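The domain 'ABC transporter' annotation in TrEMBL covers 2-238. Annotated transmembrane segment per TrEMBL: 252-274, 556-577, 608-632, 644-666, in sequence order.
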Amino acid sequence: MLEIAGIILRYGSRILLNETSLQFKRGNVYTISGPSGIGKSSLLNKIGLIATDLGDMSYSYDGHPLNLTDGEAVSNFIAQHIGFIFQEKNLIRQFSIYDNLALLVKSQSEADDLDDRVDECLKKLGLLDKKYAFPYDLSGGEEQRVAIARAIVTDKDIILADEPTNSLDKENREKITNLLVDLAHHYQKIVIIVSHDDEVIKHGDVHIRFLDQRIEQEEKNPFKKEGVRDIYNLSIKQKIDLPKRKFPISKIVTGLLIFFVALSSIMFNITGLFQSHYQQLLDNSLENGFLVMNDNLGIKGKQVYDDFLSFTTDEVEFLADSVAILNVTPYLEFPYQGLTFENPEQSTQQINPEITLNGKTITLSSPYSIQPLFQTNMTERNIEYIDRTTKQGLIVSESFIATQNLSSELGTFPRITLDYYVPVALYEGEMTTDTGEILDSDGNIYVKQRREFKIIGILKNSYPFQYSIYGNSFFMMADEMLHLQQELQQDEELPEVLGGLSVSSWQSSAYHIKIKNSTAVSEEIDRIKQLPSVTIVSSAEDYQSLKDILAYVRKVSTYIGLVILLLMGLCLFFVFFQVSNTRKEEVGILKAIGFNSKAVRRFYYRELVQYAISVGSMALLVSFLLVVLLAFSLDLDIRDIVRVMILNVITLPLVSFGVIVTSGLLPIYKACQKSPVDCIRLNR
């Protein structure tokens with residue numbers, strides 16, 4: 001027997017039912033009727049323990065009181081004894097009929113014969129062929145019968161039906177009514193039906209009229225003999241197994257979500273894809289070397305002056321003292337004129353020198369010199385070779401050809417004859433600055449030469465350096481220039497004095513430092529700047545500028561990728577929040593059949609985790625395919641691909657798991673705080 005005392009119904013401040021008590025015995029059908037809005041459904045919800053407020057009523061079954069303040073105990077009691085049949089939406093829409101019936105049975109320890117019980121129940125109700133159908137495949141009458149089947153298969157003692165025949169045709173009304181009566185009369189259930197259908201009321205054993213804040217009972221048929229069963233013979237584990245279900249997002253939408261999640265992750269990590277390209281661009285912009293000048297005159301320019309003081313042997317050793325340095329090469333220049341042993345007073349002032357190009361004498365409009373080219377990455381990129389069979393010969397600058405109008409004279413294999421002066425010794429002297437300060441200096445003593453050379457290439461205007469005060473005109477590989485100098489030094493005996501000035505062996509006032517790796521240029525420049533009076537000419541300034549620009553571009557790209565990723569996260573959040581928001585009635589149904597809030601939250605958490613893993617895994621696969629496609633299209637470095645995939649492995653789980661699970665659980669947590677009836681009613 002079910003005994004309830006102290007039932008009071010209120011709607012706001014209005015009392016619908018004064019305090020009353022009710023008793024319900026097994027084997028009987030109880031019908032409740034009354035005017036619309038009087039509180040019939042609210043009374044049924046109180047009886048079924050799913051009302052928003054259970055109040056101070058007392059509740060006992062077969063003499064065993066139930067503590068209504070113990071949520072776990074109430075949920076277990078519902079799971080064991082109470083079966084609800086609502087007017088509509090009794091079932092979870094994305095579960096098959098089988099899973100809707102098996103859901104609660106699986107939480108009972110005696111559910112070993114689950115399939116047989118489900119099949120037997122469905123067969124009895126004429127629904128066996130609908131076992132694997134979904135609720136939206138059923139008619140209204142079939143859905144009501146499935147709700148009844150759920151009460152039967154879980155062997156519920158108390159069946160509560162709220163207007164079960166309201167929207168059904170005559171045939172289905174009779175079927176549902178007969179089934180409910182059969183549950184009471186043949187299965188000794190307590191069946192309580194809210195209905196205004198006279199046919200349903202006629203089949204009841206006890207008619208409860210709801211009138212004017214009170215109820216009246218009319219016994220229409222004698223009570224059936226009531227048996228007593230042990231109400232604690234079932235063990236409820238409060239665990240909802242995850243059945244295969246149709247997730248409420250279509251495959252097309254899911255596919256689009258996966259694609260855009262993968263794409264947004266790649267956009268966020270896209271700078272990593274071009275890491276090697278960035279470094280290559282930086283390396284190409286930076287010469288793996290630089291020129292060091294002993295600028296004791298404080299000119300602070302980018303040209304090497306003859307009056308600069310030469311480096312000492314100790315200073316040259318300091319320049320070379322680093323594992324990062326590949327070689328140290330002296331800078332020497334062959335100008336078109338210079339001081340010689342034969343002409344120690346002054347050099348010949350030849351303003352318009354002459355050269356012979358392919359046998360034709362040409363008067364130049366400006367002076368020239370032969371500068372050294374050092375074997376660096378910058379040098380090779382800026383030479384357009386005419387003859388690649390040799391490295392010996394002259395290279396003419398593109399700008400010099402243009403200013404001297406030599407392009408038409410070059411021919412296919414040009415040869416040039418010109419005068420040049422090779423430094424073989426130094427004279428030591430002093431210089432007085434504009435401020436009156438006297439500084440030590442030295443200058444080159446030259447040997448004049450005239451020779452024919454092949455022109456083997458053209459130096460492009462993109463070459464960034466101009467070391468000579470005469471501008472960029474002719475160039476020669478530094479090794480060849482040193483070889484020509486050494487040949488002359490062997491044959492030249494140096495006097496001790498020249499024109500009253502001391503003479504010493506030649507030493508350069510500038511050295512070119514070649515670095516093993518261009519990325520070490522900045523560190524080596526900082527080291528060498530420890531020497532006094534040092535001026536360094538390097539592409540490092542351009543390198544740093546480009547590096548800053550690229551760093552800015554990468555930062556902007558990362559921010560854009562982050563914004564895209566956040567927008568994708570917000571999109572995911574919105575989608576799954578809305579999807580879960582529409583599933584609040586599922587929460588109500590699960591709680592109405594006996595699952596507590598903790599079990600419901602755990603169920604949705606596991607389901608969302610499963611979906612997040614699927615989305616994350618598929619997005620990872622799609623991102624891998626997209627990265628491979630980009631790699632083949634843009635010739636990316638394999639290390640960059642691996643780096644980005646590792647970043648994607650980190651990013652995608654954070655996005656998919658964090659966003660999907662969080663956004664999906666928020667509405668569920670909120671719904672779990674409401675009563676089952678509110679979840680169902682407010683979300684229909």
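The count begins at 1 with the first shown residue.
Note that Cβ sites are derived from N, Cα and C of the backbone, with glycine treated the same way.
Between the transmembrane segment (556-577) and the listed ranges 252-274, 608-632, 644-666, the one holding the most Cβ pairs under 8 Å is 252-274. Using a Cβ-Cβ cut-off under 8 Å and counting only residues 6 or more beyond its ends in the same chain, the transmembrane segment (608-632) has close neighbours at 242, 247, 254, 257-259, 261-263, 265-266, 273, 576, 638, 641, 644-645, 648-649, 652-653, 655-657, 660-661, 664-665.
As a whole-number mean, the pLDDT of the domain 'ABC transporter' (2-238) in this prediction is 84.
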